[in-house]
Amino acid sequence: MTHFLHSVLSQQFPHALQGENHNFSWQWQDEGVICLTPHHGYEKSIVLSAGIHGNETAPIELLEHIYQDVFQASLTLNVRLLLVLGNPNAIRTGQRYIEYDMNRMFCGGYQQLEPSVETQRAERLEQHVQIFFEQGCSTAKRYHYDLHTAIRASLLPTFALLPHLEHVHDPLLLNSLNAADLDAVVFHNTAGKTFSHFSGAYCQAASATLELGQAKPFGQNDLSQFVAIDRVLRVLIADEALPSRHKTPIRRFKVIESILKKDDDFQLNLKSSAPNFSLFHQGDVIATQQSQNYIAHEHEVRILFPNVNVAKGLRAGLILQEMSK
């Protein structure tokens, strides 16, 4: 059996590109992309992706263990499954990305950039996901969980971001995030160029980006911290009932504004080490620059993904408001 992660790290593409066993058939679609289809009927088609940012290793390790357990029959495959390691070159070098953030390349975003290995990869991943869903059972419900870890610490360590879509968010998706003991869920207010927005908007999948702690090198992750999300992913693959939640109720936030860096003098009014979900009160200055300041207009708001070092014209953070319980 070819190991999923090893095939990427060693750049050794499997000799057999497809095959089957007693339970399912499998086909390698690309480097770090494999499709598994059970012999019996199924009601769900699920994409699990990690490594869109190459230094976010814990989710990659989770997918490797799931891959091994499915092939060893210690995890029963009762759904059609596409496993994706997103950015092989960045995974091999331990970098977030090589030239440009791949999670801003989807929904055709790669077309606005100079061609590179990563733009080509983003385009192919879009194609693989579309083909995966189109070739699956027409009545199967579609899901996509894109797994990440964050650059900075967070007051709410684990959270999901749901793309802004026209259709209502799927109840099973929301229930699975709750069962995974995530601390929070964030609802976007505008379209994006993320992998999960692509699968939601272009493939009609119930999709989410999951942030599961902080990025660490391979071998330095404490996977015991990811037991809850791992359990839920395995339950989804086996198509079994979701487990109960074991934490305080999940908190819900909505994005009310994006902070855009427009000028060279742009500054955020918080320390560089400030965690995600840092709090601002009404009247607080969140960010300053010559052309526009950002001030908290609500009683309490929080900031997500603050980054003063982005290029001009890019998002330097999200302003969140907590939704009523």
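The count begins at 1 with the first shown residue.
Glycine residues also receive a Cβ, built from the backbone N, Cα and C atoms like all the rest.
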For the Zn(2+) site that Swiss-Prot assigns to HIS53, GLU56, which of HIS144, HIS148, HIS164 is also named?
HIS148
Using C-alpha atoms only, work out the spacing between HIS53 (Zn(2+) binding site) and GLU211 (active site) and round it to an integer in Å.
12
What does DSSP say about GLU56 (Zn(2+) binding site): helix, strand or coil?
coil
Does anything in the same chain, at least 6 positions from GLU211 (active site), have a Cβ under 8 Å from its Cβ, and if so what?
HIS148, THR149, ALA150, SER154, THR158, PHE159, ALA160, LEU161
Taking 10 A as the limit, how many CB atoms besides its own sit near the CB of GLU56 (Zn(2+) binding site)?
27
Non-site residues, in chain order, whose CB comes within 8 A of the mean position of the CB atoms of HIS53, GLU56, HIS148 at Zn(2+):
ALA50, GLY51, ILE52, GLY54, ASN55, PRO59, ARG96, ASN103, LEU147, THR149, ALA150, ALA215
